[in-house]
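So the structure is just underneath, and the comments pick up after that.
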């Protein structure tokens, strides 16, 4: 069975790296700025690099917001990466006047530069960090306790931790992988996380391939 993925092109992410990483684990992948074309895919991928508000505005301008809402309502898979995950939350201190989608419960905040015990923390969080499972989930098969690659200055502060399936610690605990309904988010970059990122995407491929319904185009 062919499993398809659409990487949304709204000028806010490393599209080709994401495309190649998805292809390596078996997805038939397209990078597209066309919401109708993306609606036909089994998985929609929302990359994101940069400013929260700018990403949301570009996403809206590209016409992708109705697509994502329709997919979530129909319980069709969506993967948000880095800021692509953050815009799935309710909003961000980076641009408080710009609402997120609210599919994930919580608010995005700047990583504190000093921990509660007074230890200085370099911001942005850039480099490899350990995944720590919070609950059992098929997406974590073969990757719990492994290291993945982060580049970010803001993190999701959940109002309900039930949707956080793995976290990392960088001064504060931060959601590394989140899942609510059909929405999956990774704060780290699977496409930059070598074998561990590849395993996560392979786990997601297995999950998506088990589904047969699609949002009508």
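Our numbering is plain: 1 for the first residue shown, then up by one each step along the chain.
Cβ atoms here come from the backbone N, Cα and C positions, even for glycine.
Note that TrEMBL annotation is computational and uncurated.
On a predicted model such as this, the values are computed, not experimentally measured, just so you know.
Features as listed in TrEMBL:
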ACT_SITE  82  active site, nucleophile
ACT_SITE  189  active site
ACT_SITE  191  active site
DOMAIN    7-199  domain 'Glutamine amidotransferase'
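Reduced to three states, the DSSP call for residue 82 (active site, nucleophile) is coil. Counting in whole angstrom, residue 191 (active site) lies 11 from the residue listed as 'active site, nucleophile' by their C-alpha atoms.
Least packed by the Cβ count within 10 Å, out of the active-site residues 82, 189, 191, is 189. Looking at residue 189 (active site) and residue 82 (active site, nucleophile), their Cα atoms lie 7 Å from each other.
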